[in-house]
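Below you'll find the structure, written out as structure tokens, and then a few comments.
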Amino acid sequence: SLLVTSSDTESTFLAAMAYDRSVAICRPLQYPVLMRVKVCVGLVTGSWLCGLVNSVTHTVLATTLTLCGPHQISHFLCDIPLLLKLSCSDTSVNESVLHVASATIGLSPCLFTAGSYTLIIAAILRIPSAQGRRKAFSTCASHLTVVVLFYGTANFNYDRPREGHSLDTDILVSVLFCVVTPMLNPIIYSLRNKEVQSALRKLAGRQIA
């Protein structure tokens with residue numbers, strides 16, 4: 001339940017942040033209006049609601065399943081597809097809801113983010129000066145890095161063929177998606193902070209000396 005809430009919320013958060021970056025770069029003069037406080041609050045609230053509603057839906061449907069054993073999952077996490085494999089009752093409704101949720105909350109934010117960055121890249125390429133292009137790209141470099149990490153590990157975790165992979169490999173991929181990637185996010189975003197950059201330069205200078 002917590003995993004579903006967190007992953008779905010982050011997916012929609014990334015889409016909202018992509019919209020924010022696209023407005024800032026493509027429509028800078030309209031940014032204060034398009035991204036006013038009410039809009040930001042609505043995007044944050046909507047992101048959390050998407051994750052919570054999807055998580056509660058799957059949790060309620062999971063309570064209707066009959067588990068005949070074994071009652072243990074040999075994995076790092078208790079994910080929905082793994083739970084469905086333990087059931088000896090009809091899981092067609094659960095699977096249908098899972099597919100719909102994957103398409104709406106999983107795929108749609110990804111496509112929206114990709115579309116936003118298509119507009120961003122097109123706008124950056126129209127900037128005449130190289131310095132202006134670098135400055136515009138630097139405003140979304142951290143977010144783009146997080147997007148690539150999140151969707152890259154998510155795709156490798158959920159969409160790759162299960163045949164031909166050991167359990168250890170599956171667990172390693174899950175750890176990368178659930179633990180390592182969220183841990184890297186604060187580090188990636190903080191690299192734009194000038195104080196952090198200065199501290200890293202000083203640390204690098206000490207290591208070289």
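Using N, Cα and C of the backbone, Cβ positions are placed for all residues, glycine too.
Mean per-residue pLDDT, taken over the domain 'G-protein coupled receptors family 1 profile' (1-189), amounts to 82. According to TrEMBL, the domain 'G-protein coupled receptors family 1 profile' annotation covers 1-189.
Residues 8, 11-12, 14-15, 18-19, 21-22, 25-26, 50-51, 54, 57-58, 133, 136-137, 140, 144, 147, 151, 154, 158 of the same chain lie 6+ residues outside the transmembrane segment (100-124) yet bring a C-beta within less than 8 angstroms of a C-beta in it. Taken from TrEMBL, the feature transmembrane segment applies to 100-124 (among others).
According to TrEMBL, the transmembrane segment annotation covers 136-156 (among others). Outside the transmembrane segment (136-156), and at least 6 residues removed from its termini, the chain residues within Cβ reach (under 8 Å) are 7, 10-11, 14, 17-18, 21, 24-25, 106, 110, 113, 117, 120, 123-124, 127, 173, 176-177, 180-181, 184-185, 188-189, 191-192.
Marked as transmembrane segment by TrEMBL: 171-191 (among others).
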